[in-house]
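Listed in TrEMBL:
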| type | residues | note |
| --- | --- | --- |
| DOMAIN | B:143-208 | domain 'Golgi pH regulator conserved' |
| DOMAIN | B:281-449 | domain 'Abscisic acid G-protein coupled receptor-like' |
| TRANSMEM | B:6-26 | transmembrane segment |
| TRANSMEM | B:38-59 | transmembrane segment |
| TRANSMEM | B:79-98 | transmembrane segment |
| TRANSMEM | B:110-128 | transmembrane segment |
| TRANSMEM | B:148-170 | transmembrane segment |
| TRANSMEM | B:291-313 | transmembrane segment |
| TRANSMEM | B:346-369 | transmembrane segment |
| TRANSMEM | B:381-401 | transmembrane segment |
| TRANSMEM | B:428-447 | transmembrane segment |
Amino acid sequence: MDAIDKVRILVVGDSGVGKSSLVHLICHNEAAVNPGWTIGCSLEVKLHEYKEGTPDQKTFFLELWDIGGSSSHKNTRAMFYHNANGLILVHDLTNRKSHGNLKQWLNEILDQDKEMGMGRGPSRVRDTLDPENLLGSVKMPILVIGTKQDLAGEKRVQRSFVAEDLGVDDISLNCHNPRSLAPGSGLAVKLTRFFDRIIESRYYRDMNPNPALLEKRRLLPMNVMNAKSLHGD
Amino acid sequence: MSFLQDAVIMFSSQVIFFAGGWVFFMKQLFKNYEVHHIMVQLIFSITFALSCTMFELIIFEILGTMESSSRYFHWRLGLYSMLFMVIIVLPFYIAYFVLSSLRFVQRKQIGPLTLVSWVAFLYFFWKIGDPFPISSPKHGVLSIEQFISRIGVIGVTVMAFLSGFGAVNYPYTSMTYFMRPVTINDIIAIEKKLLHTYDMILIKKKRIAMAQRDQLLRSKSGSSGSGIWGMLRSVATNPLVSSGENISQLKEEVAALEDFSRQLLLEAVDMHSMRERIEWAKTFRGKYFNVMGYFFSLYCLWKIFICTINILFGRVARVDPVTRGIEIAVHYMGFQIDVKFWSQQISFFLVGCIVVTSIRGLLITLTKFFYAISSSKSSNVIVLALAQIMGMYFVSSVVLMRMNMPAEYRTIITQVLGELQFNFYHRWFDVIFLISALSSIGFLYLAHKQVPGDREIS
């Protein structure tokens, strides 16, 4: 077991959007039965095959950190954010405000990440976000997931504008349907690609500089700056 | 002509209050939720507007604005509408939303079931009046006094409960005497413990995942073997124990660790909040609140004492504080003042203060309560329940406010609300205030005592 490497993925979003159901679906391939409010952080692991079906196939552990979103626990959440390799932003398709709040979540995590990276300790001083520094912190891949698709009706087709700003992928699903992530379905493929990207950015980044990846990184400051200016309105 | 003028004034002020309630709903209560049923927002804003109208009419009574006949008319109109909201509309919608969210109720059954629940509510509402001496045989069965008296009982209970708790809680949270010292090392220590617990949970879950995968692989390869070798292989390897791992035992350990992690996290949240309070206490506002806390605790003790005396000796305050204050000023200190003018000004000021602080206090309490207990599924029901409490609260504060006003201004309340046993309500307020304050002291004492014991050990 010690021989298998791991990556840490944070799952964040407002309280009640369905993060615990989502994580349970990803890891156990079945719908969660009545999860209660998450206090603190609920942890799940999944064995993932990186580059399945190719000669480079390797097994990794995905650690999914499902962080409870209630506002009363805000002051202790900071300790979960360091050393994260990937980020899943979850919002509720029936509640537009949970989508708008994703930007605040992202800023909360990026501020914390930047402070930890600068070695500033537990002080809460916030500088203006410098795009150069931001590039260093935003190296982790991000995925936006919309839940409760069965209750949302006609909104399911809309693409998430937060995902567009950040230039990342965006999927919508119904966490109570165990077949939405059946192997081979479109959603499962997107998810697998996302996990592979995380593993690449963590372990293979220096070894294989992918020109397409570099292109995306050069574009990233502009997209992130758009997100920052929209948030500042 | 002046009636029309007065009607225009009242109507425009009601529109302003309605807009205020609407904005409060959107910006504060439903900050994180999307509004699916506009009816909920409408009902809440209407209840808020009607409550503010009642207070406005009391202030107009003191200042003598508008004709007294039109005031009387608007009083009765406002009161009837408020009763309609609190007794008919709100319980009906609360029952409707509760039933819609239950899983085992079908769509067709919701309508009739709502009616049945509403009738049941009316029955219990009526029954509340029985143990209390609030109705006299003079009242008709469907007179306004019957309804107001029952609303008054519920509302006064809520008011007294909140005042009692608030009076005790305010000194407790603002005085530094009660703040436990929390250093940054304590916080770092508990965070390290928490992360360590999470690491242990992860290790165990990884072992479970590996064991499950091995099991899966073995069962796949085992089924392909046939005949004697297959049987021998399946006998030799026990499916429950794979390479020394016992999955069910691991799952139990994980569950225990998860419970422990939740406890640790709640402690960590507590420590962070305590640290923030200590930081805040060092600021100017914090110091000011600290000093006020001492005064307030004295006031609270005095009030508990007075309530006990009132209850034991059956004392009833006949004279309101404004007239009492003016009497003292004139007779004992020999001031020569225009009693009528000053009595009006001071009553206006006092009543205005009471109205503003009670509205503000209630809205803040409602917001805190709402954030604490609501989720996206139950937000509608909770907001309607809060609107119901708000309506009852404001009606009873009108009933109780009568005590704070001089006799000449009380007439309109007595006229409109009828012959209620006002003294009963004051007595009831005292009783509930006493119970609430004493139990809050008990609870806070227990809560405060519990934690330092742990800290000393660590």
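Every residue, even glycine, has its Cβ placed from backbone N, Cα and C.
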Give me the mean pLDDT over the domain 'Abscisic acid G-protein coupled receptor-like' (B:281-449), rounded to a whole number. 78
Sequence-remote partners of the transmembrane segment (B:79-98) [C-beta within less than 8 Å, at least six residues beyond its ends]: 39-40, 43, 46-47, 50-51, 54, 110, 113-114, 117-118, 121-122, 125, 144, 147-148, 151, 380-381, 384-385, 387-388, 391-392, 395, 416-417
Any residues 6+ beyond the ends of the transmembrane segment (B:38-59) with a Cβ under 8 Å from its own? 10, 13-15, 17-22, 24-26, 30, 71, 74-75, 78-79, 81-82, 85-86, 89-90, 93, 97, 348, 351-352, 355, 359, 380, 383-384, 386-388, 390-391, 394-395, 398, 401, 405, 409, 412-413
Spell out yes or no: are there three or more C-beta pairs under 8 angstroms between the transmembrane segment (B:428-447) and the transmembrane segment (B:110-128), with each pair 6 or more apart in sequence? no
Same-chain residues at least 6 beyond the ends of the transmembrane segment (B:291-313) with a Cβ under 8 Å from one of its Cβ atoms are 167-168, 170-171, 174-175, 427, 430-431, 433-434, 437-438
Go through the chain and flag residues at least 6 beyond the ends of the transmembrane segment (B:110-128) whose CB is under 8 A from any CB in it; none is fine as an answer. 87, 91-92, 95-96, 98-100, 150, 153-154
